Amino acid sequence: MSSSKLSKSNSKATTSNSNENTVFSNIVPSKIFDVSRNAKYPLVQPELNRKIAKLTNPVSLNYTTNIAKIMSVLRDREIVEYQHSLMKAAIDDISEDTVDIDYIRIGLKLTQNDIDKLLDGESGLVKVRTKDRQKRLTVNEMPNVGNKNNGFKTGDKKPYFTIGFRMFADNDKYRYINIYIAEPYHDRNEGRVLEYNCFIEFIPTRLSLPLISFMLYQIQSVLEIRRYQQLFDNALLLELHTGYIMYGVSQLFGFMLTKNNKVKVGQVYPLEKDMAAETTYVGSYASDHLIGYDKVLKENKMFIEDAVLGWDRVAKGLSGINDWFPNQVCSYRLESRRRFEKEPVKLADISTVKSLLEDVRLIRPQRLFDLNDTELKALVYDKNINRCRTIYARLQEVKDERIESRKKTLYLNFRFNRKKLKKAVSAQAELLLIAISNPIKKLTEAEENYTEAEENYTETNENYSAAVDATAEVLEKIIDDICSKSHKIPTIIKAEERAIYVEGCPGSGKTTLVVGRVDHLLTQGTKASEICVLAFTNEAAKAFNNVLAKSFTKRSNDLKLYSKDMFVGTFSSWCNKLLKFDDDQDILSAQASLNAIERLIPSKSMLAKQYLCDDIARRCQNIFNHMANFDEPIVERSINKVAPDLVDYVDEISELLNAYNKYKEGRYRDFNDLLVQLRECLKNDDFCEWVLTQTKHLIIDEIQDTNIIQWDIIKKLYDHGIHFFCVGDPAQSMYGFRGAKHEYLDKFTKTFKNRKRFQLAKNRRSTKPLVQLANKIRYIINPKYSISVSVKEPESTARPRLKSCDKLEDAIKWMVKDITGLQSSGTQLILCRYNKQVEAVEKALKKADVKHGDGKAIQVLTYHNGKGLEAEHCYVLDPQFSKCKLSSYKEELCNAYVALTRAKETLTILACNCGSSVYGKDDETGKQSGRSIFLDLPEKFLEFVD
């Protein structure tokens, strides 16, 4: 984990003085699944349930990583028989009262007149007419449509949505109905024949049927009864999820197969190989599929994530934490998710739609005894459909052997009675259709209390959103207090371990820490010539040099602590110094290398016909950088890793590499050449010892961007006695494309013996609203990363602004107008993902006569060049405005995190409504994503600009 452990005394001291007892009483799912509700869960045996539920870690919100504990439960005959009987009872209990419809998406074909009425500000959708309805219903226009246009391309049959509305009941945003409209006159819709231009989506299990009718009446009140009926009589069913909860059954005993042998793919979460599976997808997520998951874990985790970040910081100190999950009924949820966009069906035919639950097959818990421990352990970690089929075949072999020996045989799986299931789902669908087709203006008292699904949150008579807010209010204060007690800089500066890693959030004082460390070493008698400070870029190295010089001149002029004998530079310049080349070959900078590669691309090559030359050069440079990490580099291997869509151009890229090497021959060396040669030299022990006479203390900034070959060099020198001090932030890893491995930081304590990890959690740069947004992105990158707390004064409540535009030109035009209108005298950074975006912005600023550039208050830089900088205000442009190939979604998240954390006072995000760029394949999932990072940012952290 990346988060350093805080002392237990600090954590407990903080929580014991707070009103943390209200935390668990506010968590809504805990009440729904309360094991003491005997009438609802008559077959559940609390003690056996407790033994299973204790396998859930309430701090990490995952199952325990102690596989022995899980195996002991799966091998406990009493528990297995208990789970077997509960699963059988659940299978037999399928009925209209136990199945549910969990999500529906409906397509409507609106006329221009319909749209005009709905959008009318005085009498349209946002106008709730009567006082009685106003008490229960709120309708808001959304600031943008989010990722609803994800992957939209010219020529698509699907609509391009331009406006959205959210209706929610009783001031609880958890109970919502969303409406999205594709306005015909928009240039992406104009002249296109669409099957539907509006869709409505909601989760019926969060609402009651009367409440659905009550909310949909808002549409009828605008369009009038006859038109409403016409629209919904001809409405299309675009998506339908049906589900079933097996109360008392643990997901750990749920091994799902499907009758449909055409299904060949699936996915299991979490992705970590040492984590027991919690959620299993059977089928492709993009089309029809089944899903099985731990309902209790998911609902509680979702509630906590909605409420607060940094749960792991505070959870251990909460009284009652160890009883939280054992006091809830284990519940295994199965869902069928059907999508009909390619072949829509009529909403009127919803009751005839097949639920994929009909195809579900569950391995009987008793049959787990026929597996050996190795087989069962593997299944606990990976419940993928293909592995389950392999295991099922193994169980079939055991069954066949029993038949041959005339021993008693038992069924291998449980399955639903298809007739009963079909009837139950059909009945639920028919009830929902009636509710949709017959809106009601007013709820009676009986209807207000009505719920149609047992897990429905309306049965608790609670406001989910209010409960989340109440929980957040309690926990945020505790977490802020704990974060403020993170490791102190003076303590870190004086640490005596030979390997030290300091994880620090943006603005936490990492530069101050490095300066203090150097100061400490010098005052302890270390010679300046024995200290080496490495930064990631030339600009950062110059900045360190200046800060060190000023600091030591100011504080220690008489002692002359700072000396030019101390090496302060980049990794490449340090390599060059150690290697002492006799020739006159120049060192190519990254930009010079990129320019050279671009010039060498044959204009008539197939590659040049498919991609822009600057894009080819950038991506080929990434490939060459990745190759340098290996003693035996292979072009195809590196292409598959960093640019898999270029795998068909292996020969052309190999030729380009040869041309580049020939271009360098006898004249230049690049960064990779220096690293490879230094690693080779370090294989000689005498050379290692000589390096240690030159450098006894190696200090490295931005350690998360260090690649494999650099880690090899560091480890080799450490093994020969060098002192290693590094600072970094895994969430700011921006160079995965060239082999940077921030994962090495996770292994820090295993890699280095005399070592210590520290953490800086106080953000002194940015305001609280900016830090809250940054923490959310940090959590999305990796939930295990530590969060930070703003200690900046004076406090500011200004949230980051988000302006969404369709085109880059529109975004730049708005931004220039905003800059000239604000007339700020403070520093401003405009951060773009690519150089072409930088050029476009600079051109617009020049045309508007806005001064910018080096030495000016306004600078326009790429995300990467902006790293390490800060400004009073930042504008950050969405990478989706470019058609260039992007890195993986996770790497682009890190890039965005770096850009968004440069701001000190205010931040403006310019998001692209319709980016068509697709992110590269993710290392973990092997999948691509087209979702916009910026449009996915939570609304509660932002202020939206029209």
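Every residue, even glycine, has its Cβ placed from backbone N, Cα and C.
Straight from TrEMBL, the features:
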REGION    1-20  region 'Disordered'
DOMAIN    483-767  domain 'UvrD-like helicase ATP-binding'
BINDING   Gly504, Cys505, Pro506, Gly507, Ser508, Gly509, Lys510, Thr511  ATP binding site
Cβ-Cβ neighbours of Gly507 (ATP binding site) (radius 10 Å): 24
Which of Gly504, Pro506, Gly509, all binding-site residues, has a Cβ with the fewest other Cβ atoms inside 10 Å: Gly509
Least surrounded among the binding-site residues, given as Ser508, Thr511, when other CB atoms within 10 Å are counted: Thr511
Largest tally of Cβ atoms lying within 10 Å of a Cβ, found at which of the binding-site residues Cys505, Lys510: Cys505
For the domain 'UvrD-like helicase ATP-binding' (483-767), mean pLDDT (0 to 100): 87
Cβ-centroid neighbours of ATP site Gly504, Cys505, Pro506, Gly507, Ser508, Gly509, Lys510, Thr511, 8 Å, sequence order: Leu513, Asp729, Leu760, Asn763, Arg764, Arg765
Secondary-structure category, per DSSP, in which Lys510 (ATP binding site) falls: helix
